[in-house]
Amino acid sequence: MHLSSLSLSLTALAIVSPSAAYPHLGSSQPVLHTNSDTTQSRADAIKAAFSHAWDGYLQYAFPHDELHPVSNGYGDSRNGWGASAVDALSTAVIMRNATIVNQILDHVAKIDYSKTNTTVSLFETTIRYLGGMLSGYDLLKGPVSDLVQDSSKIDVLLTQSKNLGDVLKFAFDTPSGVPYNNLNITSGGNDGAKTNGLAVTGTLALEWTRLSDLTGDTTYADLSQKAESYLLNPQPKSAEPFPGLVGSNINISNGQFTDAQVSWNGGDDSYYEYLIKMYVYDPKRFGLYKDRWVAAAQSTMQHLASHPSTRPDLTFLASYNNGTLGLSSQHLTCFDGGSFLLGGTVLNRTDFINFGLDLVSGCHDTYNSTLTGIGPESFSWDTSDIPSSQQSLYEKAGFYITSGAYILRPEVIESFYYAWRATGQETYREWIWSAFSAVNDYCRTDSGFSGLTDVNAANGGSRYDNQESFLFAEVMKYSYMAFAEDAAWQVQPGSGNQFVFNTEAHPVRVSST
């Protein structure tokens, strides 16, 4: 779907020119707006869903990491520090829910990040805890400074961010500076892994650089950027089969890639996401990151774009390994449209915007083609392996399901949000509302929201008894922001961004502001 060929229903919609807000799109593309009462009612409904999930978590699971929303039990999969609370903070701030915000701030002040009985993931802890606290700090010290009256409670967020960084930084103490991911913070040990993944290594720089910029201690930025340097200049050269597209695993001892398997799927995904986001964060310091993203984006369009045989109008991203394309993808991968749209708007590149919209449309198809209206965990368009039971689905939808699970992932709604912000086209908000409504209809329990075992079965199959913390951080936030008023943290056209979202949807203030 390209900007020049969007076809939208105009029923009950007003049409205005987007040229003022989105000058790079030109005046030929109308911005369509729903009735303001409808927009407000949808924003209120999403806030109510957030509060429903929070109330259940608070009653049955707090201060543990996550609620088990079927049994009303709890889990501690993220170190036992209250992941859902910290992950919910920035969304609660944006929704201006002072009661929840203060509950979370009180909790953060009590966390001892030096103590846990579980293995700690550097990656997950960075994006959820460190990102959540830094975002809360930036929002409450900035555009939402009137929400919390006691400034000392806000200051604790930065203090605790530094405490967490100090606990985690031994992960980078390796011969190369490429960190271990799985840590024993009590002993200062690790799992002895020989390699680390592309996304795990390449999704640290934003949070750790922000921590340095706020504290004035360059240690954190230096550590994360040293690790990133091996990804920006990949060795051996064979690890970069196409310009900007690199392998999936890095040797911890010497920083060299151990393969040349390329994808935007889970395990690789957020490395590419952060390249352009670091440029948004500070274009002066991170011009090389932008150059690498542009190279990767152009190579992706040329070498990885794939069209199902029964639906050549759709675009998915294949993977690549030693001359062979893998024709399968994941819900996780559907962040890709948003990445192209962010890069396209920031760099004024219509080709990236158009390709991003193609990817968004393809991911929408995975939602629009199931019985629940929710997309599957993974899918394929490889005609050599279509199950007979899904032949009709492939004929109609251009894909078949390889895992029908849904664990409250946000990536499709996330890319719908970027499409809405990049184009102003009302269609994308309608897609957000449809996706949110499906989650609300099929995943809601008496105490929260559960995962589903099969999005293409009646009632979503059976339920997973787990509510991931990213429901609060991402699904609720991206859904809400599409119907909320414009604000400093919303994605803006061109170079107008005051905030940039980490991969857990926590907005951090860009360096120049």
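FYI, residue positions are counted from 1 along the chain as it appears here.
For all residues, glycine too, the Cβ spot is worked out from N, Cα and C.
As annotated by Swiss-Prot, signal peptide applies to 1-21, with the evidence given as sequence analysis. What Swiss-Prot records for Asn97, Asn117, Asn184, Asn251, Asn322, Asn348, Asn368 is N-linked glycosylation site, and it gives sequence analysis as the kind of evidence. Residues annotated as disulfide bond in Swiss-Prot: Cys334-Cys363. What Swiss-Prot records for Glu377 is active site, proton donor. Residues or ranges marked as Ca(2+) binding site by Swiss-Prot on the basis of similarity to another entry: Thr503.
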Open item on the list: Between C-alpha atoms, which of these recorded positions comes nearest to Asn322 (N-linked glycosylation site): Asn97, Asn251, Cys334?
Closed with: Asn251
Task: Distance from the residue listed as 'active site, proton donor' back to Cys363 (disulfide bond), taken between C-alpha atoms, in Å - done: 12
TODO: Please report how many Å separate the Cα atom of Cys334 (disulfide bond) from that of Asn251 (N-linked glycosylation site), as a whole number.
DONE: 28
Open item on the list: Quick check: of the recorded positions listed here (Asn117, Asn251, Asn348, Glu377, Thr503), which one has the Cα closest to that of Asn97 (N-linked glycosylation site)?
Closed with: Thr503
Task: Among Asn117, Asn251, Asn368, Glu377, Thr503, which are recorded as recorded positions, the nearest neighbour of Asn184 (N-linked glycosylation site) by Cα - done: Asn117
Open item on the list: Which one is it, among the recorded positions Asn117, Glu377, Thr503, that lies nearest to Asn348 (N-linked glycosylation site) by Cα separation?
Closed with: Thr503
- [ ] Compare the C-alpha of Asn368 (N-linked glycosylation site) with the C-alpha of each of the recorded positions Asn117, Asn251, Glu377, Thr503, and give the closest one.
- [x] Glu377
Open item on the list: Using a 10 Å radius around each Cβ and all protein chains in view, which of these recorded positions has the most neighbours: Asn117, Asn184, Asn251, Thr503?
Closed with: Thr503
- [ ] Fill in the CA-CA distance, Asn117 (N-linked glycosylation site) to the residue listed as 'Ca(2+) binding site', as an integer in Å.
- [x] 26
- [ ] Among all chains shown, work out which of the glycosylation sites Asn97, Asn348, Asn368 has the most CB atoms within 10 A of its CB.
- [x] Asn97
Task: Pairwise CA distance, the residue listed as 'Ca(2+) binding site' versus the residue listed as 'active site, proton donor', rounded so that it is a whole Å - done: 18
Task: Pairwise Cα distance for Asn251 (N-linked glycosylation site)/Glu377 (active site, proton donor) [Å, integer] - done: 29
- [ ] Let me know the DSSP-derived helix, strand or coil state of Asn184 (N-linked glycosylation site), please.
- [x] strand
